[in-house]
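Asker: According to Swiss-Prot, the region 'Disordered' annotation covers 64-103, 121-144, 171-213, 262-302, 516-537, 676-743. Taken from Swiss-Prot, the feature compositional bias 'Polar residues' covers 64-79, 176-193, 291-302. Swiss-Prot lists 101-301 with the feature region 'Required for interaction with CDH5'. Taken from Swiss-Prot, the feature phosphotyrosine covers Y107, and the record attributes it to similarity to another entry. Among the features that Swiss-Prot reports, region 'Required for interaction with CDH1' is placed at 221-301, with the record citing similarity to another entry. The coiled coil annotation in Swiss-Prot covers 303-575. Annotated ubiquitin cross-link per Swiss-Prot: K341, K402, in sequence order, evidence recorded as similarity to another entry. The annotation phosphoserine is assigned in Swiss-Prot to S746, S749.
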Amino acid sequence: MRTLEDSSGTVLHRLIQEQLRYGNLTETRTLLAIQQQALRGGAGAGGTGSPQAPMEIMAPEDSQVLQQATRQEPQGQEHQGTETHLAENGLYRLCPQPGKGEELPTYEEAKAHSQYYASQQAGPWPHVGDRDPRGPPGGSRRQDEALRELRHGHVRSLSERLLQLSLERNGARTPSHMSASHSFPQLARNQQGPPARGAPTAEGPEPRGPPPQYPHVMLAHETTSAVTDPRYRARGSPHFQHAEVRILQAQVPPVFLPQQQQQYQYLQQPQERHPPPHLAALSPPGVEGPASTQASLATSGSTHLAQMETVLRENARLQRDNERLQRELESTAEKAGRIEKLESEIQRLSEAHESLTRASSKREALEKTMRNKMDSEMRRLQDFNRDLRERLESANRRLASKTQEAQAGSQDMVAKLLAQSYEQQQEQEKLEREMALLRGAIEDQRRRAELLEQALSNAQGRAARAEEELRKKQAYVEKVERLQQALGQLQAACEKREQLELRLRTRLEQELKALRAQQRQAGTPGGGGGSGGTPELSALRLSEQLREKEEQVLALEADMTKWEQKYLEERAMRQFAMDAAATAAAQRDTTLIRHSPQPSPSSSFNEGLLTGGHRHQEMESRLKVLHAQILEKDAVIKVLQQRSRKDPGKVTPGSLRPAKSVPSIFVAAAAGTQGWQGHSSSERQVDASAQLAADRAPLEEPVAVAPLAAHAKHGSRDGSTQTDGPPDSLEPDSLLGCSSGQRTASLDSIATSRVQDFSDMVEILI
């Protein structure tokens with residue numbers, strides 16, 4: 001176990017050192033966290049490990065980088081901290097950082113780029129003619145960009161960068177190959193189509209870029225400037241330089257530097273000779289170079305091709321090394337993952353072992369305490385058992401002595417009990433003879449009590465019947481008095497209403513006479529002054545219409561009073577029927593209660609003798625109940641017959657009620673006296689009828705007191721103001737005109753509809 005932990009610790013130390021030198025900041029922090037977790041686990045299990053041991057093994061420069069890596073940057077400045085850490089390294093000073101938004105291709109895309117570039121090697125070299133007139137500063141800037149890309153090139157190889165640079169400069173020549181590829185969308189994205197041949201632009205000849213600059217090339221003056229720069233002297237030793245940079249500097253051939261200078265000189269020379277066919281298409285028309293320029297271009301192109309072959313071979317070798325290193329890195333990462341899983345499992349097992357040991361120690365302590373408690377309990381129970389045995393022996397001894405004494409005393413007690421039982425038997429025989437004599441006397445008394453109870457029940461029945469008759473007579477007297485009072489009130493109200501109607505009729509007749517006289521006076525000068533009589537005619541017409549409307553209002557009010565009176569009568573009859581039914585039910589209940597068997601003090605003696613009398617009383621009570629039901633039904637039948645007699649005499653909705661309603665009240669009173677025979681009185685009905693009769697008088701007074709205009713009345717049947725026929729016309733049709741006739745018809749229809757609605761409402765209430 002200890003050996004495995006040591007081996008995993010050494011592997012982690014090596015990984016951390018390599019990551020501090022060649023890796024990025026996030027992976028370094030991850031490995032440091034893993035190491036600290038492993039050290040904590042080892043220190044918790046064994047207690048011998050020290051977290052400061054791996055820090056002592058590291059190199060000074062690694063510990064310095066570790067201190068910078070473990071420092072926590074402020075929030076929102078993560079990128080700034082990373083760039084500060086990278087700027088302190090000498091290699092990153094030589095390699096400027098790329099833009100943050102630069103998109104890096106994957107390994108598969110780089111491999112496809114290299115294959116595509118190898119297929120394009122056989123064609124003519126297109127970079128000679130595409131020179132940028134800007135000169136060497138553009139090439140140095142591209143070299144700086146290539147070195148900046150080398151900082152992020154842990155996964156990308158040199159062939160990827162070469163292919164990207166060559167495609168950026170030669171993308172205009174082969175657009176069809178790029179756009180036709182569906183497998184590499186990044187190639188098709190970065191390409192732009194060339195301009196049409198023979199179509200000159202207003203800006204003159206199109207500037208082209210310099211030949212491809214490879215990231216492994218570093219010019220002499222740039223190298224010297226980077227070394228002589230005072231910013232780089234502090235950390236310019238080979239110890240701080242990256243291994244790949246040292247290899248690339250060693251692999252730069254000495255011949256390549258003057259050739260680069262020659263290429264920069266070619267950018268400043270005019271093109272005197274004709275370029276090759278594939279370059280002539282890209283150059284503008286009318287531009288030609290001298291023969292010396294063509295020869296130098298050919299020689300430089302051949303040397304450049306030879307250098308490209310060497311670079312490609314080196315690129316293939318580096319690619320193989322990269323793949324091998326990548327496989328080793330994957331295997332190492334897999335081993336590290338396994339080691340981490342093993343460490344976590346070991347830590348989990350150690351924690352489980354500790355928990356088991358703690359649980360076992362607790363269990364042992366608990367078992368020990370329970371054993372001690374059980375031993376003490378057993379000792380206590382043994383002592384208690386010993387005491388119980390002693391007490392049982394003493395109790396057995398006392399019980400044996402007591403049984404002997406009890407046997408001696410029981411024999412004496414048996415002799416005494418036998419003597420007492422003989423005496424009690426003699427007394428029992430004597431009591432039986434006395435009981436037989438008493439039973440005979442009790443039977444005689446029971447017969448006398450039955451006779452007395454029969455006489456008492458007969459007397460009570462006669463008294464109850466007399467009381468019932470007395471109550472009925474009193475109720476009849478009270479009803480008659482209340483009906484007489486109600487009748488007097490109704491008669492007074494009717495007389496008052498007749499007087500009011502008579503006064504109203506006389507007043508209306510006087511107004512009618514006055515109106516006819518006015519009409520005659522207005523009709524005599526009608527031929528001479530037609531223009532002056534028009535407002536008088538309109539005033540007469542309006543006054544006549546006002547009278548008609550007031551007459552209709554009076555007729556409707558009279559109908560309303562008639563229907564109110566009829567509703568009160570019907571309500572009184574219905575209330576009388578309900579009171580009759582309630583009275584019959586109450587009488588039936590009182591009869592049952594009074595004739596029910598009542599317990600008496602001597603009922604325990606004569607229960608067997610009074611069964612026949614009780615049956616007879618029950619039969620009588622049932623007969624009385626049936627008689628009360630028959631009376632109730634007779635009352636309902638009489639009410640229905642009276643209502644059926646009143647139905648044929650109903651007045652039509654358009655006609656008015658008769659003036660005198662006294663005979664109808666007498667008929668209702670006579671029917672009530674016939675139906676109330678044998679029933680109890682209803683105080684609520686009499687009070688309601690008296691109250692409604694008293695309320696009708698103030699309702700009729702405003703009708704007569706209100707100021708009314710003159711009305712034209714018709715011939716009445718019984719001397720009252722109400723009539724059945726239609727009203728006579730007060731003026732001719734020539735005076736009324738068409739508009740007044742239409743208004744009168746509409747008013748009549750409205751009044752008729754109101755009367756019908758009111759009659760329907762009354763019928764619903766009934």
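Sequential numbering from 1, following the chain as shown.
Here the Cβ of each residue, glycine as well, is placed from N, Cα and C on the backbone.
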Asker: Roughly how many angstrom lie between the C-alpha atoms of K341 (ubiquitin cross-link) and K402 (ubiquitin cross-link)?
Answerer: 88
Asker: Can you count the other CB atoms that lie within 10 A of the CB of K402 (ubiquitin cross-link)?
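Answerer: Other Cβ atoms within 10 Å of K402 (ubiquitin cross-link): 10.
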Asker: What is the number of other Cβ atoms found within 10 Å of the Cβ of K341 (ubiquitin cross-link)?
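Answerer: Summing over all protein chains shown, K341 (ubiquitin cross-link) has 10 other Cβ atoms within 10 Å.
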Asker: Looking only at the region 'Required for interaction with CDH5' (101-301), report the model's average pLDDT.
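Answerer: That region's mean pLDDT is 47.
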